[in-house]
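Take a look at the structure below.
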Amino acid sequence: VFQQAAPPAQGGSFCRRLNRCKFIPKGDLNTKLRRCLNTFDITLLGVGHMCGAGIFVTTGEVMRNWAGPSTILSYLISGMAALLSALCYAEFGSRYPKAGSAYTYAYVGCGEIWAFIIGWNIVLEHILSAAAVGRTFSAYFGDLTNRAVDEFYIKHARIWPWSTVSEPNITEGFVGICSDGNSTMEREFFGYYPDFTSGVIIIISAFFVGIGSKTMSRLNNFFQLANLLIILGVVGYGSTFANFGHWKNFFPCGIKGVLAGASKCFFAYVGFDGLATAGEEAKDPAKQIPRATYYSMAIVTTTYVLMAGVLSLMLPYYELTSASVYSEAFTKVGAPRWFSIVLAIGALFGIMTSAVGSLFSLPRAVYAMAEDGLIFGWWGKVNGWTKTPLNATITFTLFSMVIAITFDLDALVDFLSVGTLLAYSIVAAALLILRYKPQPLHSGEEEMDQGGQIRAGIPLLSSLLANARHSVLVAMLIMMVAFTGIG
């Protein structure tokens, strides 16, 4: 059901079609998917999506190259920013319990053209997120095997003809703002060699996603609970090796390093928007989506701060040299070998749950677009046995696998950051629009309320601010131009 937006001053039906908004009656729980997830399932799905690749890889990278011990503050700053965006998603997820996440919210608040743009942006975001997690798994696994896997690929697999770097680019050695400038590491768009390990882990994760939401959630719950137990073990046992002397230089790069680290740490929080995609599979989305959002954000932020704090107390930040920083830290402080092995296995499973989270959200975003007729309807078909959009799962998993095999991790993270910024901004704008524009008093009735009012603090802008829809979209356009200029 569509609710026509206010007709433009000029223009025909084409412009009205581009700006028409989708109307979803409040309390509409009709769906082709199976409503089988409870608050616990959705919370651990969000925790697994966020608390995987970031905690085991991003922490060491930020601490080594940007912020040092002040990585703790970087996580707190990025966590607060992520929480503000998460609250927008939580409100939308409770009001409109539909799959599609930012795509659906943009369709309801901003119009069809914005929904189409954001829809493909969300699809690309999840494809790149899964590919980046696959690359992270491969980097961590290769580091734990002393690069034996990398050497095997270099020796037996065909090296890309366009590669110009002299050795594989894993994750270490990136030049941060605290670098002395002596590093000359080259930035590559494509990977040094075809990374089939990342492709295999994406296929395995997609299999878990495709067999059904409830079965997938049970496997995800098991792996994530095991991962959280390992994290508690790391925090507890690592605290026995704490040396507060490592905090004497708490701000090695100053406040600039903290802020630069926060921008990198935000990547670790990408995934909370995946909670909203479970809206059509939650038993009571109006209550479960907001609660799961709050719980998962609290668990993840606390976990990141504790893990970063323990790592910074165990070793000086400049002694962290590998991708598997926690295994390296416990080895250097003299911990038993078995503990490092258990930690490494737990880290790999934790990273894998991040891939499962990305691939869970991806086909549901595609399904929502196909249901609305904005892409091919074949991708919106729900399998009769698994009750999941299996066609979309298979198709877009293959896209993600090819990207993971081909492209470099740093390039994937950069693209992912751009897409995430646009999606989160649109959701915040759509929420403002819905707060202030008139809404139907009851489902199926034409009687509208008066909506909210935006107070015009600047007299010259009073006419613009009289229409919440136009004012917010103009503000977003100014924001995008400003971001482009700063970038």
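Yeah, the Cβs are placed from backbone N, Cα and C, and that goes for glycine too.
Listed in TrEMBL for this protein:
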type     : residues : note
TRANSMEM : 42-60    : transmembrane segment
TRANSMEM : 72-90    : transmembrane segment
TRANSMEM : 102-123  : transmembrane segment
TRANSMEM : 190-210  : transmembrane segment
TRANSMEM : 222-242  : transmembrane segment
TRANSMEM : 254-272  : transmembrane segment
TRANSMEM : 293-318  : transmembrane segment
TRANSMEM : 338-360  : transmembrane segment
TRANSMEM : 390-409  : transmembrane segment
TRANSMEM : 415-434  : transmembrane segment
TRANSMEM : 464-486  : transmembrane segment
Whether the transmembrane segment (293-318) meets the transmembrane segment (254-272): three or more C-beta pairs under 8 angstroms: yes
The transmembrane segment (102-123) vs the transmembrane segment (254-272): 3 or more CB pairs under 8 Å: no
Stretch in 190-210, 222-242, 338-360, 390-409 most in contact with the transmembrane segment (42-60), if contact is a CB pair under 8 A: 338-360
Intrachain residues whose Cβ lies under 8 Å of the transmembrane segment (254-272), provided they are six or more past its termini: 46, 49-50, 53-55, 58-59, 61-63, 66-68, 70-71, 73-75, 77-79, 81-82, 85-86, 89, 125, 129, 176-178, 293, 296-297, 300, 304, 354, 357-358, 413, 416-417, 420
Leading contact stretch, 190-210, 338-360, 390-409, 415-434 vs the transmembrane segment (222-242) - CB distance under 8 Å: 338-360
